[in-house]
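What follows is a short report on a single structure.
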Amino acid sequence: MNKKIFVSLLLITAVGLLLHFYKINQSPPCLNADEASFAYNAYSILKTGKDEYGTLFPLRLKSFGDYKMPLMTYLSIPFIAIFGLNEFSIKLLNSVIILFFPFVVYSFSRQFFKNKNISLLAALLSVLSWGIQSMGRQLHEALLTSFLVMLSALFFIKAIEEKKYRYKLIFLLSVFFSLFSYQSSRVFALFFFIYVLYYWIKKRFSLKFFIAFISILIIFGITDLKYKPTRVVNLLFFNNLGFNLEIDQLRAEGGPRFLYNKLTVGLKDVVYNYLKYFSPQFLITNGDENFRFGFPGLSPLTLVEYCFFLIGVYYLIKHKTRWRFYLIALLLVSPLTASLSWNTGSLTRSFFVLIPILIIISYGVVNFIQILNGKNRIIFYIILAASYLFFIFYNWDFYLNHYPKRGVVIQSWQCGYKQ
């Protein structure tokens, strides 16, 4: 990385940190129950080695009976040890992730396209994105998991291209820790398993590396057997009472059993839920249906970004870059966990999808600019910048000045856990 790129990334990081810390004590409006649970368990483990229920160094946090993944709590311990148990120390872990986020996005994008302009633009969009920053301004696992999955995906490519031991080690560690960060990481572990298996068969990976990767999955599986992933099971759509009532109603109205059963109705719901995560309704209009993570009109992407996402997909298919199918596969896998849940329209469970989308947007912008001549290019710059800034400014203004004052938002956040 040359000096100009490094300085550019420092400036992008400075912008990201400014947006991250500005009015962070006002929006979101308060600490929520999950943040308080993570923080208190971190404090308890720091002082006693046990969680709030007396379990010694747990690999799942019972918390409210949802058995959260423990990595965020363990990583929060040093900050709480240094700064005490307070709102600042609780959120500091995600602040550190936001600090390094543009550097990883840049490196990740650079592995795909070998183009500094695309990579710098992707890094800039990532720090300006309300969708990404909203997870960083609270203590939520989605940001940490996406960071680790991005590292896994990045160093998988490096391990293939450069075949260095340290890249393989970082890849394995990133996958391992991601599994203990958030429930949605399971689908990415399966994704990497398929790719590792493929390249092992093609003799690009050694048997030792393949066994090491399988060992990670086995270790995690053993912890699942011990703690039982009840949270994951309860979130599956077919365990939702409403889903079963819908089938009963359809049958009672005279629908044939072969057409209205768990398999057929479930398959329809999964497909619809999955497609929803790529729709303009989710990405640029409604966002997350849970007011803790979104609000009508407060969208993960802007209209301008969504248009260039479609343009980027076109260029990605048209141009035969080496890792294009890998990027597309990451994009398509990202909403799978969310689409299997009865809680549809979830930004948190589909959070990683924003990373490949922003990279594809940057690819679309740079390629589109290249077909314009000098005068048209200047006009395009002005229109693009003005349009994007209008939408992104609206998102941030609403989030900072209006969102925390809405009654439904305060109710959703369940304020009162700071004490």
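All residue numbers here begin at 1 and follow the chain in the order shown.
Placed from the backbone N, Cα and C atoms, the Cβ positions cover glycine too.
Values in this document were obtained by computation on a predicted structure and should not be read as measured data.
The transmembrane segment feature in TrEMBL is assigned to 6-22 (among others). Sequence-remote contacts of a segment are chain residues at least 6 beyond its ends whose Cβ falls under 8 Å from one of its Cβ atoms, and for the transmembrane segment (6-22) they are 95, 98-99, 101-103, 106, 120, 123-124, 126-128, 133, 136-137, 396, 400.
Within the chain carrying the transmembrane segment (69-86), a Cβ under 8 angstroms from the stretch's Cβ atoms is held by residues 38-43, 45-46, 58-61, 92-93, 139, 141, 144, 177, 179-183, 185, all 6 or more beyond its ends. Among the features that TrEMBL reports, transmembrane segment is placed at 69-86 (among others).
For 70-218, the entry in TrEMBL reads domain 'Glycosyltransferase RgtA/B/C/D-like'.
What TrEMBL lists as transmembrane segment is 92-109 (among others).
Below 8 angstroms of C-beta separation, residues 5, 8-9, 12-13, 15-16, 19-20, 98, 101-103, 105-110, 143, 287, 298-301, 305, 347, 351, 354-355, 358-359, 361-363, 365-366, 392, 395-396, 399 of the same chain, each at least six residues beyond the ends of the transmembrane segment (116-133), sit close to that stretch. Among the features that TrEMBL reports, transmembrane segment is placed at 116-133 (among others).
According to TrEMBL, the transmembrane segment annotation covers 139-157 (among others).
Within the same chain, residues 59, 69-72, 141-142, 144-145, 148-149, 151-152, 155-156, 158-160, 207, 209-210, 212-213, 216-217, 219-220, 229, 231-232, 235, 326, 329-330, 333, 336-338, 349, 351-352 sit at least 6 positions outside the transmembrane segment (169-201) and bring their C-beta atoms closer than 8 Å to a C-beta of that stretch. What TrEMBL lists as transmembrane segment is 169-201 (among others).
What TrEMBL records for 207-225 (among others) is transmembrane segment.
Under the heading transmembrane segment, TrEMBL lists 298-317 (among others).
Residues 111-112, 153, 157, 183-184, 186-188, 191, 195, 235-237, 239-240, 242-243, 270, 273-274, 276-278, 316-317, 349-350, 352-353, 355-357, 359-360 of the same chain lie 6 or more positions beyond the ends of the transmembrane segment (323-342) yet place their CB under 8 Å from a CB of it. Taken from TrEMBL, the feature transmembrane segment applies to 323-342 (among others).
For 351-372 (among others), the entry in TrEMBL reads transmembrane segment. Packing against the transmembrane segment (351-372) from elsewhere in the chain are residues 105, 108-109, 112-113, 115, 117-119, 121-122, 125-126, 129, 131-132, 135, 142-143, 145-146, 149-150, 184, 188, 277, 283, 300-301, 305, 308-316, 319, 327-328, 330-331, 334-335, 380-381, 384: each is 6 or more residues past its ends and has a CB under 8 Å from a CB in it.
Per TrEMBL, the feature transmembrane segment maps to 378-396 (among others). Here the transmembrane segment (378-396) has Cβ contacts under 8 Å with residues 19, 128, 130, 298-299, 302-305, 365, 368-369, 372 of the same chain, all six or more residues outside its ends.
Long-range Cβ contacts of the transmembrane segment (298-317) within its own chain (Cβ-Cβ under 8 Å, at least 6 residues beyond either end) map to 125, 129-131, 280, 282-287, 324, 327-328, 347, 354, 357-358, 360-365, 367-368, 384, 387-388, 391-392, 395, 398-399, 403. Outside the transmembrane segment (139-157), and at least 6 residues removed from its termini, the chain residues within Cβ reach (under 8 Å) are 34-35, 38-39, 68-69, 71-72, 75-76, 90-91, 93-94, 97-98, 100-101, 104-105, 107-108, 111-112, 132, 167-168, 170-171, 174-175, 177-178, 181-182, 184-185, 188, 192, 195-196, 323, 326, 330, 347-349, 351-352, 354-355. Residues of the domain 'Glycosyltransferase RgtA/B/C/D-like' (70-218) grouped by DSSP class, helix first, strand second and coil last, total 126 helix, 0 strand, 23 coil.
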